[in-house]
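> Following this message is one structure expressed as structure tokens.
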Amino acid sequence: MFDCFYVMLLFVLLVGAFGAEEDTALCEILGSPEFPLLSKEGDITIGGVFSIHSQISRPPLTFTDAPEPLKCSRTIPSDYHQSRALAKLVKHFGWTWVGAVRSDNDYGNNGMATFITAASQEGVCIEYSEAISRTDPSEQVARVVRVIQSGSARVLVAFLAQGEMDILLEEALKQNLTGLQWVGSESWITARHLATKGYSRILTGSLGFTIRKSNITGLREFLLQVNPSQDPYNNMLREFWEATFGCSFQSSPHGQTQCSGTERLQDIKNPFTDVSELRISNNVYKAVYAVANAMHNVLKCGQSDEVVNHPCIWKDALESKQSGERVYFDENGDPTATYELVNWQRNQAGDVVFVAVGRYDASLPNGKQFTMNGINTTWAAESLERPQSVCSESCLPGFRQAVIKGKPICCFSCIACAAGEISNFSNSAECSRCPLEYWSDEDHSQCVPKVIEFLSYGETMGALLTGFSLFGASLTLVVSCVFFWFRHTPLVKASNSELSFLLLFSLTLCFLCSLTFIGRPSEWSCMLRHTAFGITFALCMSCILAKTIAVVIAFKAKRPANTVPQCSAPLQRTSVLSCTLLQVLVCMLWLTLAPPFPYQNTAHATERIILECDLGSPIGFWAVLGYIGLLAVLCFILAFLARKLPDNFNEAKFITFSMLIFCAVWVTFIPALDPGELQYAYTMIFAVEEINNSSNLLPGVTLGYRIFDSCPSIPLSISASLNLMNKYDSGKGSCSKLSNVHAVIGETTSTSTIGIARTMGPFHIPVISHSATCACLSNRREYPSFFRTIPSDFYQSKALAKLVKYFGWTWVGAIRTNSDYGNGGMATFLEAAEREGVCVEYSVAIYRTDPRKWFLEVADMIKKSTSKVIVAFADGTDLDILFKELHAQNVTGLQWVGSEGWITYRYIASPVNYAVVQGAVGFAALNAHIPGLQEFLANSRPSITPGDQGLVELWETVFGCTLTPQAETQAQVSVAACTGNESLWNTNSRFTDVSDASLLNNVYKATYAVAHALDMLFTCKDGQGPFENNTCADRENVQSWQVLHYLTQVNFTTKTGENVFFNEFGDPVARYALVNWQIDEAGYIVFETIGFYDASQPEGQQFEMKADVQAIWAGDNLEVPRSVCSKSCLPGTRRAFVKGKPICCFDCITCADGEFSNSTSETAGFLAFTLALIVFLLGKITASTLLVYLKMCVLYSLNIFMLSDAVKCDKCHPEYKPNEERNNCDLKAIEFLTYSELMGTLLVTFSVFGACLSMTIALVFFHYRQTPIVRANNSELSFLLLFSLTLCFLCSLTFIGRPSEWSCMLRHTAFGITFVLCISCVLGRTIVVLMAFKATLPGSNVMKWFGPTQQRLSVLTFTLIQREHLICGQKQKKFKFNFGAWNVRTLMDNISSDRPEKRTAIIARELQRCRIDIAALSETRRAGEGQLKEEKGGYTFFWKGKPADEARNHGVGLAIKNQLVNHLSELPVGISECLMTLRLVLANNQTATVMSAYAPTLDSNVEEKEAFYACLEETLSKIPREDKIILLGDFNARVGRDQHLWKGTIGKEGIGNINSNGVLLLSKCAQHNLFITNTLYQQKNKFKVSWRHPRSKQWHLIDYVIVRARDRCDVNITSAMIDSDNCWTDHRLIRSTMSIKLKKRRRIQKKQTRRRLNLDSLNETATQQLLQDSARIS
């Protein structure tokens, strides 16, 4: 025990000098390892290290080796827990806006970093965070104090050491920094010297955590007994004694008192003996006891023969004997973080004391860690009220927080919730919309049930209707009673009493039918309303019709010779009954097929529910009314015909008048104010005012506006446009001041906008619409001056098709609204879907007025369909009816894809509909926030804009008052007058609701577009204008067509960062938000944005999915559903389309013999994910990135579904055959007849045996050649026959062994010639025998005609005929040329190379192996122009390159077989270092031009590319059209596989994607009708690609063989030689085999001229003399 107390003594000695700060200086080492500063021997020694001195007086030691990390424990908690505790403390007292100051060292920086992190998690914002150090200059500290003083935060968190705290407080006193609530760390919060100085007025009320205080029994007594006499050699104790009592143990020359050793510590007040704040001392106490307990366990373990290890030593927790505190260490050596919350308070004596007001224990569960003990707390400036420190005051219920841009989240504005939205707690981040059956209360703090309205008897209208109905019925009954009373009088009888009573009865029922329209609608009342009225009114009209007919017939019958039959009573009854029964039949059909039903109308009024009866079938309703109208028209016609009857009997005039009133029903309407349209108008006004107040846009120019009301109506819209176009007189009786508009913004609907755009287009007045989405308006020919700031439906339909394709849904259903919006949008979607490879199973149209039977049919169609995705291009009102029908039939689990017409339509987002369309996705317009717009709208008053009838009507409607003077009104009911003090801020009007400002933003952008166009017009510089002679517009007389010109060039960025410009069709960039129907934790349906679509991005990058948002799909699934008609075909199968079904529906059929297929989407996706998994295992990517790759792989697999399933099986290369699974091609086994086979052995045996036998007989014949029998057998033919037989036997040997070129030519020709020779000999012998026997007849002399000479000639003739036939047959064959294209990279030989062969020899050997006749070589790199003949290789090389003194990176050449070179009419010609030509003479007087080309690479400059294609163009243009073209070479271009775009230029078998060089090549080929033969034949990709990329190691096709499109039939095949890449080049040889007919060479025969006799020469003397001499000689 003495050892423990003594260790504590060492610490308490200089507790005042001990600080929590971490000083980097090393203290003076006063001892050595052999002599510690303080020591005491014992059985067990405990070491102690404390910062007793704080100054360096000796250089620190240096260590050459880094110390090993120590495993330490401590009894004081880590600062990490303290920082988190401070964050919870700040949050507990509601301080969300604080300042922070820290020590600029490890202690302060690390602690404050942890505090800031924890504070952000708790929702606390830091206004500023400053750092100071004790070495900082005073200016730095003064600056920090000024920052604190100027800040708005009233709470300051100080994570400072005592040294920095002293410096800060000194400066705070100078600047009188008071009134702040200080929150401190444990290093200074209990520092007594701070409380005793003058800092108390600054720090009073401070709060902070400190180490738990404890009471150690006996410690004070022990300290009071300390005396130097107990340990005379303890220098430290002697030093303390001298400092405390001001004496010295040694004699001092300065007269200092000498210490006697009898001084008493009890007589003085000293920190050494003060045990009132035992905090750190208690930690020392616990540390000593922890070591003691550990050693005790060691001894105990040793005595019990247990293994002494770490668990044995620390197996029990220590419980302090003094305070009962449990002491243990965690795995990091740290104790449990427990703190006391102390508060600086003053006691009655005025001294500052540290009062514990709470406690923090990190071991307790979250939420229970921080507790207050109930003691009153003193706050800053000794206030008893807790200070507030927030950036913004809390938002009350009914308001939401709107974060202020550029400030932390704690700084916000409070915005009232919009109508229909609530927030029921303070500081709500957003308002939640009430369910469909509820509405927000006045405070917007809770949802209350909507008021249900229907026509009741208690209302004025209901009471009046009831009164009139009863009055009419009563009046009719009174008349009936009077008629009944006087029924026997002539007057009643003449009035057709029966029909009169029936008419009065029907009128009574008609009046009473009005009562069915009053009261709460029910199923029976809805069915009874219209049908009962229709039947009774039809009965009434039938009676009137019968009475009219009776009157007319009665007067017609009295005329002489009139044959009109009398209208008897039975006939009248029959007519009335027939007409009424027809109406009854119509009503029965209506009630049977689609009866009316009760309906809650929530769309008409947002704040109430109107109960009404839905017609069920509008056709039935209009049929009932139409039949009544038909009867009325008939009555009117008959009454008109009887208008001239006598007045006494003419009831027709009254009937005529009543029917005229009935037929002339005026269809009137009361113009109702649309707050949304008024909101658009005021948004335009807001933008105009904002522009007029701007100094950057249109300075010095004031914009005005003229706004018309179109109602909406096409005639009124056109009328408004005419008013805007025409100049108007602004003065009375004067035409001096004329004005017209330069641009028009509007209209909302597409129909009205079409009327305005058609009217203003010919006058070049710009029309900019904010909401018209009809794709027809993009037609610049019909609407040349139309622009819009909302994307066209055309882009939305295409985006929906891309969305469906993006998620791999190739089998979908389609539903549309039966209107221009739905029909036009769906038509575009179907076209786009077909291009994307998406099939539509069904496409139906619905409309809200369709009968319920049609909706049932649509629901049944959806249930029976196999597609799991439905694309709905419809209006929300129409879909609401369908959704409810689907819900009634429990049709759920389908993935809905919606258009912007309903995907964010809040009024159909009910729980019932959500069960049907859960997880729906679709495109919606991008929302935006327009700063200042809501304030502008809410501050609008009729007094500010006098004459605005729309605002007046809105004002009177919203506030229920009138702005019209009472004397001017004609209303009988008194209406309160508006006071003018009303404010729209306190209303829930749609006019002030800007929560959905997508269309408002479009109006805003349209106004600014006009302003920017005008700004460009006014800032035009003279001489640089866009008009004639570079002139600018006349600023004094601006024309609308000039504004139209500048509108096409508008390109600006709004305040919200949105870029605004128009394309050539006047449309903006199509940008949409991809929203997903989800439900939040509160059960509220939200439209979560999960991605964006931007049509301006390149193909493949238009979709951007938000990585931090999880999409919910149909059925509350997290995986994307699949919707395909047929599953993927496995490798080895192909798709076979089902007749009568779309291409997405197919069967999988096994490939035929010789064919294969080896690709599926699942295989591609699996390989992609496997690659990502390997990279993850190698540590290159994180787990989260792996999940992203997994999603991408799944989507990739789905997206390439249509491309991966084999539409047809590929034919294997002739040298390959398919394997058993038919998913790959294997090499065929090479077979031929060998000598080792049985058949070969037998054939050799028989051949040799036959030849030997023939030779033996020949020898026998030769030996006996002089004998008569041999001579009689015609020995000459016999020897020739035996010789030919021997050759025939030996010819069989040519059919054995591997066929070669010579053996193939020798087989049949040699056998044919020898066998013909044999047969010829036999034939000759036979003829000789016949002749011999014929010669024995008397008088026969036949043998002289077939002697030996004739025999030889016959054999020779027959044999020569066979030879000529074979030769002629060979001449008739086509000659096949093998052309090649090869980038050899170089033909240069390095002098230092040890290669035994030249490069040309190696190339020649490869060309000969591949049987190439003519090869085009690229990148030869040889200088100048020349040729080289490889005798052994068999090829002659021709090249053309740059001069020797220039860099030779190019060069082209031709390698031609030596046999062909000798037959060329002309040698190759080098055009440039990139082009060489050769002309070949073909059959039929044709020629072919062979061209070797090398095009610039992809990264070459534009000038090089243009020069090459210009040279190629010049060369191609010189070739005659009838000549063939064979263009070979490396074009460094990828042409892709878009055959539809480049039809006639490439085939279906292209690979890869097109690049810019490919566009140049394809354009040139299309210009000259050339065809790329590499894309013509179906084969594996490895037989197509020709070049391997050096970095990506991917193979590409950039070397081509190109011919004229008309000559592509000459090409047998073009393929890459896969085994030709073993040379130094990275290119493969491309070989193209072509069938070309050679020209038949004719022998040149000299003409033999006939010599004609010259008879005239006989008259010459010389000739006569010559003839005489000849005759004399003869």
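Including glycine, each Cβ sits where the backbone N, Cα and C put it.
Bear in mind that TrEMBL entries carry predicted annotations, made automatically and left uncurated.
Since this is a predicted model, take the numbers as computed values, not measurements.
Quick paste of what TrEMBL says about this protein:
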- 461-671: domain 'G-protein coupled receptors family 3 profile' (DOMAIN)
- 1239-1362: domain 'G-protein coupled receptors family 3 profile' (DOMAIN)
- 1-19: signal peptide (SIGNAL)
- 461-486: transmembrane segment (TRANSMEM)
- 498-519: transmembrane segment (TRANSMEM)
- 531-555: transmembrane segment (TRANSMEM)
- 576-599: transmembrane segment (TRANSMEM)
- 619-642: transmembrane segment (TRANSMEM)
- 654-673: transmembrane segment (TRANSMEM)
- 1166-1190: transmembrane segment (TRANSMEM)
- 1242-1265: transmembrane segment (TRANSMEM)
- 1277-1297: transmembrane segment (TRANSMEM)
- 1309-1333: transmembrane segment (TRANSMEM)
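Mind running through what each feature is packed against?
Nonlocal intrachain contacts for the transmembrane segment (461-486), taken as residues 6+ away from its ends with a CB within less than 8 angstroms of a stretch CB, comprise 455, 492, 497, 500-501, 504-505, 507-508, 511-512, 514-515, 517-518.
Cβ atoms under 8 Å from those of the transmembrane segment (1242-1265) belong to residues 1233, 1235, 1271, 1275, 1278-1279, 1282-1283, 1285-1286, 1288-1290, 1292-1293, 1295-1296 of the same chain, restricted to positions at least 6 beyond its ends.
Long-range contacts of the transmembrane segment (1277-1297) within the same chain: residues 1232-1235, 1240, 1243-1244, 1246-1248, 1250-1251, 1254-1255, 1257-1258, 1261-1262, 1270, 1303, 1306-1307, 1310-1311, 1314-1315, 1317-1318, 1321-1322, 1324-1325, 1328, 1351, 1355, each at least 6 residues beyond the stretch ends and with a Cβ under 8 Å from a Cβ of the stretch.
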> Summarise the domain 'G-protein coupled receptors family 3 profile' (1239-1362) by DSSP state, stating how many residues are helix, strand and coil.
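Residue counts in helix, strand and coil order: 104 helix, 0 strand, 20 coil.
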> In the same chain, who gets a Cβ under 8 Å from the transmembrane segment (498-519) while lying at least 6 residues past its ends?
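Those are 454-457, 462, 465-466, 468-470, 472-473, 476-477, 479-480, 483-484, 492, 525, 528-529, 532-533, 536-537, 539-540, 543-544, 546-547, 550, 569, 572-573, 576, in sequence order.
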> Average the per-residue pLDDT over the domain 'G-protein coupled receptors family 3 profile' (1239-1362) and send me the rounded value.
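Across the domain 'G-protein coupled receptors family 3 profile' (1239-1362), the average pLDDT comes out at 78.
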